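**Q** Once you've had a glance at the structure underneath, I'll fire off some questions.
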Amino acid sequence: MGEIVFTEKQEALVKESWEILKQDIPKYSLHFFSQILEIAPAAKDMFSFLRDTDEVPHNNPKLKAHAVKVFKMTCETAIQLREKGKVVVADTTLQYLGSVHFKSGVLDPHFEVVKEALVRTLKEGLGEKYNEEVEGAWSKAYDHLALAIKAEMKQEDSQKP
């Protein structure tokens, strides 16, 4: 994959909006997972911390940690795209993410569900600061992170006996 053009403005939009969301992580983590389940109710079984419950648990530390990882890694990806023109996640981290997502049975459409939930959460959290430019910047960063994870998942699949 060649270099990706990610502008300073796109990077700034992602960083600034992440700073706003970080101010209420519990609320936006809950909103994020609620959106995932609203879009794709069957996704519940893919998350160990949601399997045995009928609703998104309010004070589940694993839920919060997972949501924060998605937002943080997307934000870090935006910075890398701007600085290096590509996604540079530590090989071990990317391998781990590929392995975990592969073993959990994650498929391409699942990444789109997460992206839609991410966009809805941004819209909710940013209010009037949300616009198409913000959505575009986050979407581009997320898409490239998802591509990197999917590449590792294919690697994991090809190593199966």
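Residue numbers in this text run from 1 along the chain shown.
Positions of Cβ are set from backbone N, Cα and C atoms, glycine also.
I grabbed these lines from Swiss-Prot:
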- SER48, LYS62, HIS66, HIS101: heme b binding site (BINDING)
- 5-154: domain 'Globin' (DOMAIN)
- 38-42: motif 'Homodimerization' (MOTIF)
- 108-120: motif 'Homodimerization' (MOTIF)
**Q** In sequence order, what residues of the same chain, 6+ apart, have a Cβ less than 8 Å from the Cβ of HIS101 (heme b binding site)?
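**A** Residues satisfying the criterion: ILE149, GLU152, MET153.
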**Q** Hey, what's the widest CA-to-CA gap across SER48, LYS62, HIS66, HIS101, the heme b contacts in the record, in Å?
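**A** Greatest Cα-Cα span of the listed binding residues: 16 Å.
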**Q** How many of the residues that make up the motif 'Homodimerization' (38-42) does DSSP mark as helix, as strand and as coil?
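**A** The breakdown for the motif 'Homodimerization' (38-42) reads 4 helix, 0 strand, 1 coil.
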**Q** Starting from the Cβ centroid of SER48, LYS62, HIS66, HIS101, the recorded heme b site, name every other residue in that chain with its Cβ within 8 Å, sequence order please.
**A** PHE47, PHE49, VAL100, SER104
**Q** Just counting, how many other CB atoms are there within 10 A of the CB of LYS62 (heme b binding site)?
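**A** Looking across every protein chain shown, the total is 12.
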**Q** Does DSSP give SER48 (heme b binding site) helix, strand or coil?
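**A** In three-state terms, SER48 (heme b binding site) counts as coil.
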**Q** Identify, in sequence order, the residues in the chain of SER48 (heme b binding site) that are 6 or more apart from it along the sequence and have a CB within less than 8 Å of its CB; answer 'none' if there are none.
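**A** Set apart from SER48 (heme b binding site) by at least 6 residues yet with Cβ under 8 Å, we have LYS62.
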**Q** What's the number of neighbouring CB atoms sitting within 10 A of the CB on HIS66 (heme b binding site)?
**A** 18
